[in-house]
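First the structure, in the form of structure tokens, and then the observations on it.
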Ligand SMILES: *[C@@H]1O[C@H](CO)[C@@H](O)[C@H](O)[C@H]1NC(C)=O
Ligand SMILES: *[C@@H]1O[C@H](CO)[C@@H](O)[C@H](O)[C@H]1NC(C)=O
Ligand SMILES: *[C@@H]1O[C@H](CO)[C@@H](O)[C@H](O)[C@H]1NC(C)=O
């Protein structure tokens, strides 16, 4: 983790250094301003290039504002909705490869749409603070583009969906707030909206829920260094998704830098830093490519509560679908939704809350939680799941935790719980038993697990499991106990 922090630190340092260099640059820019404005007068085109994605060899076709014939030439279909992809800050001045992956994914799954890439590279390939300033200009130009579509081909702005990554998320926000008239753009999706110079700003100075009829955001890299994080932490949408808590993403660990170097050469280092930031993009693409594997996220106060499995509730809009197929519901307040994901596509996991009632018969003796669990499902089994309990097992208490599975195992029909006693533990345990005379006869005390209750987030099904054998309910180190569905217990003879 040390080196990872170093890498993120380097990235942020770049931002900070360029922020300091900014003051000097500003004076320079002022000097050349008159020259710049005269140039602009003759230049009819906007700085932003609107590239309509096509299936041709060229890959895209440029649409020029105020040149109606370019819409026809490029094959813009005004009776279909428009999705516009807006990239972020550019370090190397070229369009990143995810843009075309996203365009292709949008087109292949939902061919009934126009896909345009808003190329603002000339304004984004700048020192970070300058690029930040330019987000307003670009937003303005996108708004003008949409207004022009409205005037020229009666294209309704409610049919526009802006998808902005990093700084592009705020560009989209500005586009939504600068557009003239009372009606709003249909939807804005912010993919890990940029944090530095936006975090804590007023809603008019960043992406906010007022910028479109519906706004959603996916936060994937909000790990903080020196008070700054690459992605914005605060909610900025109607639904704000925080995959894996939003701070950092699985598969983006520093160890993967070697894979990335193998794949991208020395640029692999940049890939590693971008990994968690860009994960927001790939989660969105995933939602387009894997229709049968849509990820559900759940409303929760914070990741710790979520990790206890306490938030898997879907009543009253408490859960929603991450990505393109989100249920568009405008709520008065932003909702933070949490979910876990895999490290690669398809990212979906299945979330379960387990509640286990344990009675520790040895008073005053705290048991280290070292349990594993195996599940038998109607479709598949899941073996040797680590139980993420952090607190020691004392007295008489119900423990709640979150378990995620990569595959759909169907309905759960049986649970096996094993106490993974280490040899050392067992030894102590036995010693302990020989010295202490037990009150209740010769019965060997242990842990009693009375019931295991399960709630499946994805299906909202609830299950209760009881010990298979009522006579032998004590669990000892290295032992495994089987729990069967209580509803079935008396009816079926499993
Ligand atoms: C535009 O899309 C509509 C709806 O799918 C379709 O009926 C129409 O043929 C398309 N127009 C062109 C020129 O492709
Ligand atoms: C909105 O209206 C003003 C005044 O007519 C105009 O200057 C501007 O270009 C329009 N569009 C945007 C996006 O500001
Ligand atoms: C555990 O606690 C519950 C309620 O607090 C009580 O009804 C039950 O008898 C206790 N069980 C044991 C074994 O102490």
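Every residue gets a Cβ built from N, Cα and C, even glycine.
TrEMBL does not curate its annotations; it predicts them automatically.
TrEMBL lists 1-21 with the feature signal peptide.
Residues or ranges marked as active site, nucleophile in TrEMBL: 166. Residue 166 (active site, nucleophile) carries neither a helix nor a strand DSSP state and counts as coil. Remark: residue 166 (active site, nucleophile) has 87, 88, 89, 191, 192, 193, 194, 230, 231, 277 as non-local neighbours, by Cβ distance under 8 Å and separation of at least 6 in sequence.
Reduced to three states, the DSSP call for residue 192 (active site, charge relay system) is coil. Sequence annotations record features per position, and here TrEMBL assigns active site, charge relay system to 192 (among others).
A simple way to gauge crowding: the CB of residue 211 (Ca(2+) binding site) has 30 other CB atoms within 10 angstroms, across all the protein chains here. If you look up TrEMBL, you'll see 206, 211 marked as Ca(2+) binding site.
Mapped onto three states, the DSSP output places residue 277 (active site, charge relay system) in helix. Take the CB of residue 277 (active site, charge relay system) and look out to 10 A: across all protein chains shown you find 25 other CB atoms. Annotation comment: TrEMBL describes 277 (among others) as active site, charge relay system.
Annotated domain 'PLAT' per TrEMBL: 350-485, in sequence order.
Under DSSP, the residues of the domain 'PLAT' (350-485) split into helix, strand and coil as follows: 13 helix, 68 strand, 55 coil. Within 10 Å of the C-beta of residue 206 (Ca(2+) binding site) there are 24 other C-beta atoms, taking all protein chains into account.
Residue environment of residue 192 (active site, charge relay system) contains 29 other Cβ atoms, counted within 10 Å of its Cβ in all protein chains.
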